[in-house]
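Below: one structure, written as structure tokens.
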Amino acid sequence: MRVGDSRRVAAVVLAVIGVLFGIYLLGNEWVRVSVVLVADGAGAVLVLRGVLRHRPPGPLPWLFLAGAQSLAVIADCLFYGGYLFDRAWDFPGPPDLFFLARYPLWFAVALLWVHRSTRHDAFRWRTDVTLVDVAIIVVASALLSWIFVISPLIRDSPDVALLVLYAAYPVGDLILLAVGMRIWFGGGQRSVSLGLLGGFATCWLAADTAYLLSLANGTYRFLGWTEPLWIAAAIALAAAATHPSMVSVGRPSADAPRSGTGRRLVLLGGVSLLAPAAQFVQYLRDGDLHVPVVTATCAVLFVLVMFRMGVLLREQRRIAITDTLTGLRTRRFFEENLALEAERAARFGSPMGVLLVDVDHFKTVNDRYGHKAGDTVLREVARRLRECARAGDVVARYGGEEFALLVAPTDRAGAARLGERLRDAVGGESFRLDDRTELLVTASIGVALLPDHAATPDELTVRADQCLYRAKNAGRNRVVVAGELPVTH
């Protein structure tokens with residue numbers, strides 16, 4: 001997301017909202033209703049226009065948004081028309097059918113974008129953390145909604161159906177909050193359009209919350225301060241759909257996970273304090289303390305925070321033992337497992353082997369084709385080595401263009417056969433650097449076994465390294481096993 005572009009768009013959106021706010025504040029009831037209807041209608045029309053103009057891949061979420069906005073226009077016509085013509089609808093009434101019908105469409109929109117942005121394996125761990133973060137926010141918000149909105153609304157209502165309808169709005173808003181935060185925290189690309197959609201959801205949730213609170217407190221006023229927030233939401237939605245970046249909403253991002261950023265941790269820390277803070281506010285107001293609900297909420301938040309810490313610790317461990325370029329294990333992980341396997345081999349008398357693989361003439365690849373091409377070669381070599389290795393073998397990037405395999409248990413013949421398979425896998429098929437460039441790459445491999453060729457793990461890697469250099473000196477593209485002569489290919 002370019003900062004300059006986003007600032008210009010924000011300035012235009014704020015200017016439009018400011019003009020509509022001015023007209024709304026200075027006008028009479030008819031003018032105010034007209035401003036609300038024009039904003040909502042423009043939102044629906046401009047979403048469709050954005051889809052037709054920019055042709056996003058998978059336009060269904062945007063069409064659902066246009067449908068939800070159209071339902072809002074119909075509901076507003078019924079709701080405000082009833083007030084203007086002195087025929088205000090009782091709750092629940094026809095406007096509520098159209099208002100509530102938007103929530104399934106919004107939920108479908110969010111599910112489609114979440115699925116699109118997190119369908120790759122690379123985002124699986126980030127999905128775990130994001131879901132926990134969303135759960136923390138939603139649980140705390142649900143408690144506030146129960147204490148300050150739902151409980152006051154249903155306190156004096158004996159009708160079960162009416163209770164369900166009263167609760168439907170805040171519950172729907174909580175679902176919208178959950179999926180909205182999931183999209184924002186998830187693996188999708190950040191863009192101007194996504195930011196505007198966040199503004200749309202924020203304004204809508206704020207307006208809905210203010211409206212429900214005024215109903216619960218008996219302070220609702222027709223055409224008061226909630227309508228400007230709904231106007232702002234409609235304009236933000238229209239701007240999101242007409243901006244060219246709307247095609248990237250929901251698209252996976254290749255950026256590194258950012259779930260541990262300071263701002264998010266501050267947000268989650270503040271959210272976790274909402275439960276005791278809400279109870280303290282109720283205490284000051286001499287209101288119902290909701291002790292069982294607050295206690296349960298605090299317990300759930302504690303469990304979620306602990307689970308999040310566990311997920312992050314697991315991910316830190318994964319990062320520490322994984323090479324970022326190739327996805328193989330790191331040298332440190334290889335050496336730790338080498339020591340463990342050596343102890344196991346000594347205890348049970350089962351031989352183990354180490355294979356060191358070095359890409360031949362790799363410096364020439366970097367010098368001739370560039371470091372990006374060199375990275376492509378290393379990633380492809382890593383993939384081929386991993387495919388040849390057994391399920392329990394450790395495949396690691398040992399350093400630069402050198403790789404290491406820890407094979408246990410194995411014997412001399414098995415290690416030699418594996419070395420030949422690795423050599424054939426690397427050199428048997430060309431490497432595609434781009435649409436026009438292919439390159440043949442070979443590898444030299446040194447093999448040593450414990451206890452056949454060494455008594456300790458350090459001696460084992462030294463012997464394998466010596467064999468690797470013998471393979472290099474013998475002409476490269478060959479496998480040398482300790483104690484044997486190089487095989488010519």
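A Cβ is built for glycine as well, from the same backbone N, Cα and C atoms used for every other residue.
According to TrEMBL, the feature domain 'GGDEF' maps to 350-484.
Here TrEMBL flags 9-27 (among others) as transmembrane segment.
TrEMBL lists 33-52 (among others) with the feature transmembrane segment. With a cut-off of 8 Å between Cβ atoms, the residues of this chain six or more beyond the transmembrane segment (33-52) that come close are 20, 23-24, 27, 59, 62-63, 65-66, 69-70, 72-73, 76-77, 80, 84, 223, 227, 230-231, 233-235, 237-238, 241-243, 246.
Feature annotation from TrEMBL assigns transmembrane segment to 64-85 (among others). With a threshold of 8 Å between CB atoms, the same-chain residues lying at least 6 positions outside the transmembrane segment (64-85) that come near it are 29-30, 33, 36-37, 40-41, 43-44, 47-48, 51, 93-99, 101-102, 105-106, 108-109, 112, 222-223, 234, 237, 241.
Among the features that TrEMBL reports, transmembrane segment is placed at 97-114 (among others).
Nonlocal intrachain contacts for the transmembrane segment (134-154), taken as residues 6+ away from its ends with a CB within less than 8 angstroms of a stretch CB, comprise 163, 166-167, 170, 173-174, 177-178, 181-182, 185, 209, 212-213, 215-217, 267-268, 271-272, 274-275, 278, 282, 288, 290, 293-294, 297, 300-301, 304-305, 308. Look at TrEMBL and you will find 134-154 (among others) tagged as transmembrane segment.
Same-chain neighbours of the transmembrane segment (160-180): 91-92, 96, 99-100, 103, 106-107, 110-111, 114, 134, 137-138, 141-142, 145, 149-150, 153-154, 198, 201, 204-205, 208-209, 212, counting only residues six or more beyond its ends whose CB sits under 8 Å from a CB of the stretch. What TrEMBL records for 160-180 (among others) is transmembrane segment.
Per TrEMBL, transmembrane segment is recorded for 192-213 (among others).
The transmembrane segment annotation in TrEMBL covers 225-244 (among others).
Per TrEMBL, the feature transmembrane segment maps to 265-283 (among others).
As annotated by TrEMBL, transmembrane segment applies to 289-307 (among others). Beyond its flanks by at least six residues, the transmembrane segment (289-307) meets 132, 135-136, 139-140, 142-143, 146-147, 151, 268, 272, 275-276, 278-279, 282-283 of its own chain at Cβ-Cβ distances under 8 Å.
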Outside the transmembrane segment (192-213), six or more residues from its ends: residues with CB under 8 Å to it: 1, 5-6, 9, 13, 148-149, 153, 169-170, 173, 176-177, 180, 183-184, 220, 225-227, 229-230, 232-234, 236-237, 239-241, 243, 245-246, 248-249
Secondary structure tally of the domain 'GGDEF' (350-484) (DSSP, helix then strand then coil): 59 helix, 35 strand, 41 coil
Across the domain 'GGDEF' (350-484), average pLDDT on the 0 to 100 scale: 93
